[in-house]
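Straight from Swiss-Prot, the features:
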- LYS87, SER88, GLY89, THR90, THR91, TRP92, ARG177, SER185, TYR244, ARG310, LYS311, GLY312: 3'-phosphoadenylyl sulfate binding site (BINDING)
- HIS155: active site, proton acceptor (ACT_SITE)
Amino acid sequence: MAIPSFSMCHKPELLKEGKSEGQEEEGLSYEFQEMLDSLPKERGRRNRYLYLFQGFRCQAKEIQAITSFQKHFQSLPDDVVLATIPKSGTTWLKALTFTILTRHRFDPVSSSSSDHPLLTSNPHDLVPFFEYKLYANGNVPDLSGLASPRTFATHVPFGALKDSVENPSVKVVYLCRNPFDTFISMWHYINNITSESVSAVLLDEAFDLYCRGLLIGFGPFWEHMLGYWRESLKRPEKVLFLKYEDLKEDIETNLKKLASFLGLPFTEEEEQKGVVKAIADLCSFENLKKLEVNKSSKLIQNYENRFLFRKGEVSDLVNYLSPSQVERLSALVDDKLAGSGLTFRLS
């Protein structure tokens, strides 16, 4: 089956009435709400709370899903987990990884036919999120129907993931993007998915929240990046750390690196046949953006697939940020990443 098949087998009793002061989402269990009320919290965009959970900030519904995931997920030796912070190339990484892992079933060289799943399914359907799909709303999915190697995705920091992927054979691939372009992409995305009845988030407001680690969950972004970066240095056979800008500059070299890390290196025959280039072309931003499934379908609610594809460029910051904003974020990044060895190119 092209699209992963799973079923939901349990959902806890929900709290429908009499919400406490801190509850902003419906559908939270009594037990979970009690835990949530004990967490430190700060107001982020549109006055929505971000709760401090296991050392990072997250919205209530995300914490509910992460809690279910941590309690119930059982890894298998050949599992692959793709990790990103939001708006840093997640859709692209899913497409690339799925195509590499399934290339012997679905030939990317002959992908002009309608047989390849990427032509009819969004990458997020092919590689499901732990927190937004599988364990959303406290669900406990039956994953027995997933083909091997099972491939999942997450935005959670490594500290919240590590116990669930401690099996030495489980592979983790992390993709990050320079913080400037990540912010611009996130700002556009937030406004795209916001109801038309609600005013847009102004850039200056969003930028201030971003620099304070309050624009999106799973951060602050620098701690998210550093968690995976340090683990990749400590255990390079376990965690592969990739940069969006490097993939844009030399996709074929990075595809080979990714395939080798996953234990499925390209053969000389495949390279001569043009398999590497075919995967790069099939999964390119331009190709994915023009597919009907990515223009007209929806993930959930207001999350239309087309909002996942804006520009896919490097250094878009020059079109939006003032010199003082660039200076502020540059100083923040330099300070937070100092001594780590992690650096970014802006072009």
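Just so you know, glycine gets a Cβ as well, placed from its N, Cα and C.
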Given the binding-site residues LYS87, THR91, ARG177, TYR244, state which is nearest to HIS155 (active site, proton acceptor) when distance is taken between Cα atoms.
LYS87
Near GLY89 (3'-phosphoadenylyl sulfate binding site), which residues of its own chain have a C-beta under 8 A away, given they sit six or more steps off in sequence?
LEU175, ARG177, TYR244, LEU247
Can you see whether DSSP assigns ARG177 (3'-phosphoadenylyl sulfate binding site) to helix, strand or coil?
coil
Do you know which of the binding-site residues LYS87, ARG177 has the most other C-beta atoms within 10 angstroms of its C-beta?
ARG177
